[in-house]
Amino acid sequence: MASPSSLCLLTALLALVSWQTIASDPSPLQDFCVADEHSPVLVNGFACLDPKHVNADHFFKAAMLDTPRKTNKVGSNVTLINVMQIPGLNTLGISIARIDYAPLGQNPPHTHPRATEILTVLEGTLYVGFVTSNPNNTLFSKVLKKGDVFVFPVGLIHFQFNPNPHQPAVAIAALSSQNPGAITIANAVFGSKPPISDEVLAKAFQVEKGTIDWLQAQFWENNHY
């Protein structure tokens, strides 16, 4: 008969395994589960298309990720390829993105609530970093050159900035979810619909309400496409 300490250890291990299971996209239980975007079934992700109706195009996208993208007023453009563009990604737990940065452009502070990101620089130089959770809020940052790789842990606020005033930069990122999501901090806080009470934000940021009103009146650019 197992001792009480052995049972406690087994319980702890089962809890850890269960937590790891729910902490990322579900693992596939068959070769593939192509997303059926027209299915009336509501699940966490997409229902599976009948395998008899699956073909190679469900795993393909002529995305032209080698083609430069036009940037916007924050100086970047994120072209994400996820399950919405390639239905064959359903249950596979991965996406990819091309990020173009104008000179002095940035991918502003944001989080991916459902994915870790690994980024590699294809052209140019990037100053990148992420901030840990409360209470320390430690910044881990690095200047990356062509060919360098950096990891942003799941859910943490992170950013990329092109410090070169004359040359653009390009990066490719892989994300550990078929649908990683993106929450741009400034957009979410100051551009929410309906707006967050200026009294709440003034207290949170320790500024006058007039400053918050001005910030909420701005157009907050979305650079994720």
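Placement of Cβ uses the backbone N, Cα and C atoms for every residue, glycine included.
Note: Swiss-Prot links CYS48 through a disulfide bond to CYS33 (candidates: CYS8, CYS33). What surrounds the Mn(2+) site, by Cβ distance within 8 Å of the Cβ centroid and not counting HIS110, HIS112, GLU117, HIS158, is the set THR111, ALA115, PHE130, PHE152, LEU156, ILE157, PRO180, ALA182 from the same chain.
Taking the Cα of ASN77 (N-linked glycosylation site) as the reference point, the closest of the binding-site residues HIS110, HIS112, GLU117, HIS158 is HIS110.
Taking the C-alpha atom of CYS33 (disulfide bond) as reference, the shortest distance to any of the binding-site residues HIS110, HIS112, HIS158 belongs to HIS112. Here the CA atom of CYS48 (disulfide bond) lies 31 Å from the CA atom of HIS110 (Mn(2+) binding site).
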